[in-house]
Every structure is written in structure tokens, then in C-alpha cells.
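Notes to accompany the following structure.
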Amino acid sequence: MTSFKIVIVCLALLVAVASARSRDMMSDDERDYHFSKRGIPCACDSDGPDIRSASLSGIVWMGSCPSGWKKCKSYYSIVADCCNQ
């Protein structure tokens, strides 16, 4: 009887997962806008040497810069890059 209950619960979970609706997909333009507004600001080399007065025109991306973005900091980091469009 216990194994029957386990089978019923597993089937119910399988149906719940299989019938889940996916979120509406954003267009590429909407996705680019949301990506550009997300993240931690960073100072590019063009912002100047003083971090306190810099405009922080870059955004930190984990890994490497996505397509359409370029690395704007001269030093190399394994974990993240400072990128701007």
C-alpha cells in the first residue's frame, strides 16, 4: 500500500511538472534593455583614474562580455569583466 501511494505522488508530480506553462518570451530588444539595466556598475578605462569622480559607465558581467558589448577595462579577470555597449 505504501508503494502505491508513492507511485501516485510521483505521477501527480510528473503531471504538475509536465503541464507547467513557460513564461512569455521577451523580444531581443526588450531582453537587451533589461540586460543593460541589470548588474553592478564599474569604471571603464575611459572614465578616468579616480574612482570617486568616475561616471561608472560599465557593467560587470560574469564570465565574459555578451555579444554587442565590449570589454572596457585593461586588466584581466578570470571571474568577471567590466563591459559597455
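Heads up, residue numbers simply count up from 1 along the chain you see.
Glycine is no exception: its Cβ is also placed from the backbone N, Cα and C atoms.
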According to Swiss-Prot, the cysteine among C42, C44 that forms a disulfide bond with C72 is C44
From the list C42, C65, which cysteine is recorded by Swiss-Prot as disulfide-linked to C82?
-> C42
When you put C44 (disulfide bond) at the centre and draw a 10 Å sphere around its Cα, which of the disulfide-bonded residues C65, C82, C83 have their Cα inside it?
-> C82, C83
In whole Å, how far is C83 (disulfide bond) from C72 (disulfide bond) when you measure between their Cα atoms?
-> 5
C72, C82, C83 as disulfide-bonded residues, winner by CB count within 10 A = C82
C42 (disulfide bond) sits from C83 (disulfide bond) (Cα to Cα, rounded, in Å) at a distance of 8
